[in-house]
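These notes are about the structure you will find just below.
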Amino acid sequence: MANIVSSGQNESRPRGKFITLEGIDGAGKTTHLQWFCDRLSERAALQAARVIVTFEPGGTPLGETLREILLRQEMHSETEALLMFAARREHIATLIEPALTRGDWVLSDRFTDATFAYQGGGLGLSIDKLRVLEQWVQGELQPDCTVLFDLPIDAAHTRRSRARIPDKFESQSDDFFTRTRAEYLRRTAQAPERFAIINAVGPISTVREQLEAILLTL
Ligand code: Z5A
């Protein structure tokens with residue numbers, strides 16, 4: 001049954017939907033973000049809801065400060081995971097949960113699946129330790145839908161090499177991204193009801209057709 005929240009003015013709205021976008025670097029999330037947000041807003045408007053667009057690491061003033069450190073500074077892999085979850089705790093407490101409770105929808109460019117994929121798969125951190133942090137930081141909160149842009153490593157490599165100056169993560173090896181992608185795919189197999197996988201190999205128009213089909217399910 002839908003979780004009804006009240007605005008306190010004789011108006012009640014269902015709890016908002018939480019949608020996340022994921023994928024290895026170069027998979028194309030950012031290319032589709034604005035378009036997807038516009039289309040999602042049309043659907044949210046049917047429930048008198050707005051779409052709040054956000055991203056990780058970031059999304060709050062503290063998160064932005066941590067993002068600067070995370071994307072530029074070398075650190076122990078466990079420190080990196082802890083900072084990702086610290087930024088996430090702030091993000092959930094001050095932006096995500098209040099928006100969902102108001103009945104608004106939240107679209108986040110990356111969330112916890114990225115930590116499992118990058119720090120767990122890519123850097124080899126213990127998945128069990130990450131699960132403990134996930135439970136601590138978000139409790140029962142999970143996205144209602146996670147769109148995974150999936151792309152073979154060589155295609156992502158070609159796209160990344162055309163893009164801007166690489167940050168710490170974008171400079172990682174193809175082996176790192178092979179492990180990252182494998183962990184993303186392992187997560188989709190564990191929670192198939194939450195994930196929608198996009199085959200991101202084709203042209204932008206083909207990717208959009210797949211996104212359109214996902215929008216109809218939201
Ligand atoms: N990170 C982490 O390690 N742990 C965590 O818990 C979290 C994050 C939350 C944030 O970077 C970094 O933090 C991220 C993971 C790590 N790694 N990196 N880098 P970010 O927010 O700065 O960037 P990003 O999330 O990786 O997004 P991005 O760099 O913007 O990449 P993208 O969204 O995957 O791709 P894109 O920019 O849309 O496209 C890449 C290029 O391909 C571009 O030139 C496009 O024009 C082109 N493109 C896109 N689609 C197509 C198609 N269909 N055909 C042809 N060419 C295309």
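Just so you know, glycine gets a Cβ as well, placed from its N, Cα and C.
Copied over from TrEMBL:
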DOMAIN    21-210  domain 'Thymidylate kinase-like'
BINDING   Gly23, Ile24, Asp25, Gly26, Ala27, Gly28, Lys29, Thr30  ATP binding site
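Feature map: annotations from TrEMBL on the structure.
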{"residue": "Gly23", "record": "ATP binding site", "Cβ neighbours (10 Å)": "26"}
{"residue": "Ile24", "record": "ATP binding site", "Cβ neighbours (10 Å)": "29"}
{"residue": "Asp25", "record": "ATP binding site", "Cβ neighbours (10 Å)": "21"}
{"residue": "Gly26", "record": "ATP binding site", "Cβ neighbours (10 Å)": "22"}
{"residue": "Ala27", "record": "ATP binding site", "Cβ neighbours (10 Å)": "26"}
{"residue": "Gly28", "record": "ATP binding site", "Cβ neighbours (10 Å)": "19"}
{"residue": "Lys29", "record": "ATP binding site", "Cβ neighbours (10 Å)": "22"}
{"residue": "Thr30", "record": "ATP binding site", "Cβ neighbours (10 Å)": "15"}
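Classification of Gly23 (ATP binding site) by DSSP places it within a strand.
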